Amino acid sequence: MDKGLHFTICVVTAVLLLRESSQAGEEKDPGALAAPKPGDSRGGGEGLPTLTVTTILEDPYAMVRGPELEGYCMELLAALAAMLRFQYRVRLVADGQYGAAGAGGNWSGMIGEILRREADIAVAPLTVTSAREEVVSFTTPFLQTGIGILLRKDTASQDLSFFHFLSPFSKETWTALLFAYLLTCFCLFLVARLSPCEWNEPKNEENHFTLLNSLWFGAGALALQGATPRPQALSVRVIAVVWWLFTLALLAAYIANFTALLSSGSEQLPIQTFEDLVKQRNLEFGTLEGSSTFYYFKNSKNPIHQMIYEYMEKRREHVLVKTYQEAVQRVMDSNYAFIGESISQDLAAARHCNLIRAPEVIGARGFGIATAQGSPWTKPLSIAVLKLREAGDLDYLRNKWWESSCLRRSGERWGPLEPPALGGLFLTLGIGLAFGVLAALAELSSSSRRAAAHAKKSCCSVFTEEICTRLRIKGTARQSQETSGKANA
């Protein structure tokens, strides 16, 4: 009897352990992150609570890909269901609206479905606002955004300035380049005079590397053209080669930065702020009808924002759009600027490379999950969102669904090249110039030693005389003339 009881206890314990391990496996199962079909139930298994989830079709939050819904919000929902152990049934909002209060106090969109108990939670790019917070509860925001201006590049461009070709380099860089050019030409002139290989007999020969010729030689290298005179001494050739390499690298940087400037359009936007948008007369502008962005401008006390609201209210039939896709298409097809969520505009600029978002972003806000007031799911969902953020899962989803080659290009920040960016190039030029001058002194020193040995004079005195003769110092020249006059007498 004791053996039978012991056997029964062992069997029950083994069954319980197997059940717990299968449940743990379901929590870590990657298949739990699969996107749901509209109307289908997904979750951990039988016996779990089932939530009705309302959402809205918007790229990249929820999109129809074949028979299933995919997107940022769908993967977020699957991760939350795996953490909190619930099943869910996804349905698209019936009227295609986010949620706004009507004249009779009735709410439309996903907020209305939450209030009418047609859905338990709303997982969508739903902005947390004070008006919505009064009727429903929101979790901790899972995405941060603001209000920006979406434009088409060709409608937002302006005439280039007359000296726009100077924009690839900063003023400091152009100043450093001018100084490097003058210093290099002076070193060419100096080294050509000091080197006996370039100018062996100063009294009888003519030095081709005059100051003007040196300036012309340096300018020819800047234009990638060969210019006379041709250097013959090793020291002069060292400086010439270093200057050629410097100009090649500098021209490559200039061309690359100038191309990026022309293609980016970031410095060509006349509409940088909302005030610029109000002052111009070429573009119509509007936002989503009934959206939180519209009510932000309606309730704002800022005079510029009030002017934007009055413009949209007077022409609401022409400038307000029904869907985000309609807004993007209208920006692409006509002279229209769309005011909306900056994070969605970044995605539009990533998918359509002819679109760009203006720099100014106002009204910092967040996207949260909406639940009914008093719902027991509000706090657990908020904690789960915080855990996903701390684990880096939200950043992973953000990078995954916003990734595109066009996004990477638009994310680049163009700016004129500063001297520190070309510091290594200028340092190499300086080292080359110093090496060329030292090589010229070495050549002159070698020639002076041979002349001193032949004339049986001090090497230092011959070296000094050679330098004075080649640099044509007046005092030394006058002294040599007096000495020759006494010898003739």
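For all residues, glycine too, the Cβ spot is worked out from N, Cα and C.
No curator has checked TrEMBL annotations; they are predicted automatically.
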Among 27-49, 395-417, indicate the range for which TrEMBL gives the feature region 'Disordered'.
27-49
Identify the transmembrane segment range according to TrEMBL, selecting from 91-112, 421-442.
421-442
Test of understanding: give the count of other CB atoms lying within 10 angstroms of the CB of ILE271 (site 'Crucial to convey clamshell closure to channel opening').
24
Quick one: pull the CA-CA distance for LYS387 (site 'Interaction with the cone snail toxin Con-ikot-ikot') versus LYS298 (site 'Interaction with the cone snail toxin Con-ikot-ikot'), whole Å only.
36
Taking just the CA atoms, what is the gap between LYS298 (site 'Interaction with the cone snail toxin Con-ikot-ikot') and ILE271 (site 'Crucial to convey clamshell closure to channel opening') in Å?
22
